[in-house]
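Student: First the structure, which I've put down as structure tokens, then a few questions once you've had a look.
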Amino acid sequence: MDNFVTRSTPAFNIDTLAQHVRFLIISTPNNELSKISPFAIEKALKGIGGCPKTVKRLKSGDLLIETLSATQTKSFLLAEKFLDHPVSVTVHRGLNSSRGVVSENELVGSSDTEILEGLSSQGVIRVRRINIKRDGKLIPTKHVILTFNSTKLPATIKAGFLSCPVKPYIPNPIRCFNCQRFGHSKAVCRGRLTCSKCSVIGHSANDCTSDPKCRNCSQAHTADSKLCPQFKTEKKIQELRSCSKPSSSTTSNEQPSTSKVASSVRSKTPCKSKNADDSKQVKKDGKWEKVKESKAAKRARILAEKRNQNSSLLNKQTLNKQDFLKVPKNVSMENESDPPLKVYTSDEDDLSEMSTSDTDAPPPSSKSS
């Protein structure tokens, strides 16, 4: 196994601690938080430091909160009571840190302790070198895993006179050494012993002489092969998980979701024929039929459109004094008299319809007296 070198945690100043800590655990003695309603918890959190970004109740009954700023973190760290109960606010051990990989050939000869001492001023709290095993011997590589005391990875880090780029660390998927499946370890496995070489149940790979066959994809390789398609799929899942964590430098706005892409495609696709069929069906069924425009409203709308057209034509045709005198008077009078004649006839019809409908008198009989 790889060795870990961790820096001893000094007595941090609370202001320095609040600069990079965003995830806190709030707990009370005797698990009193599990008995308090969510409404009372929300009011108490607002009273201490304001409403946090996220609040989640853990299985233990404690609260896991994510703060918005260093000021809010400091307010919660200084809290002593929570709804008249003594409260303990601690820093989450895993969510407030991030891991990155540095690959530098000149650091192969440096020990993990030396690297930690040289990088501790830049927020590095843990160092682990990746080793490979060949012929029963551990061979150190140039890849070093660095753990930072912040949720955001730096782009580069200064190792002496070297400027080393930092890449996000993507761990290998967990594979069970008992059943050879991915997603769990041997300690919690409920399956049967399976050979990692031939995938036969009931024996281990120590004395196996059969041909290799993968337990996960049934191809001609062992279960621990990095060429396994299932391993590559699980590795991709680990990469997506690492990118979705708060420690990732990428955001969800960089790549559009499939739902947004699908909605944009639908909005650009013409649907003329479909809309025409839907309109006929609506008129036939009458369930989704829109309110019909009345005759009076339709005539008023047409009248307004004609007036707008006439006014626009008059505005465009700017005549000077000489041109105005050249135009015959009878032509101008005909142009002015035509629109009102059409308009007033329609208005009178509307008034006649309204007068007949508003009166309560019975209609006249068609028979002659």
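Any Cβ shown, glycine's included, is placed from N, Cα and C.
TrEMBL: automatically predicted annotations, no manual curation.
The feature compositional bias 'Low complexity' is assigned by TrEMBL to 243-252. The compositional bias 'Polar residues' annotation in TrEMBL covers 253-272, 309-321. Residues annotated as compositional bias 'Basic and acidic residues' in TrEMBL: 274-308. Annotation comment: TrEMBL describes 175-191, 194-210 as domain 'CCHC-type'. Residues or ranges marked as region 'Disordered' in TrEMBL: 242-369.
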Student: Which residue counts does DSSP give the domain 'CCHC-type' (175-191) for helix, strand and coil?
Tutor: 3 helix, 2 strand, 12 coil
Student: Per-residue pLDDT averaged over the domain 'CCHC-type' (175-191) comes to what?
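Tutor: Here the mean pLDDT over the domain 'CCHC-type' (175-191) amounts to 91.
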Student: Can you break down the domain 'CCHC-type' (194-210) into helix, strand and coil residue counts using DSSP?
Tutor: 0 helix, 2 strand, 15 coil
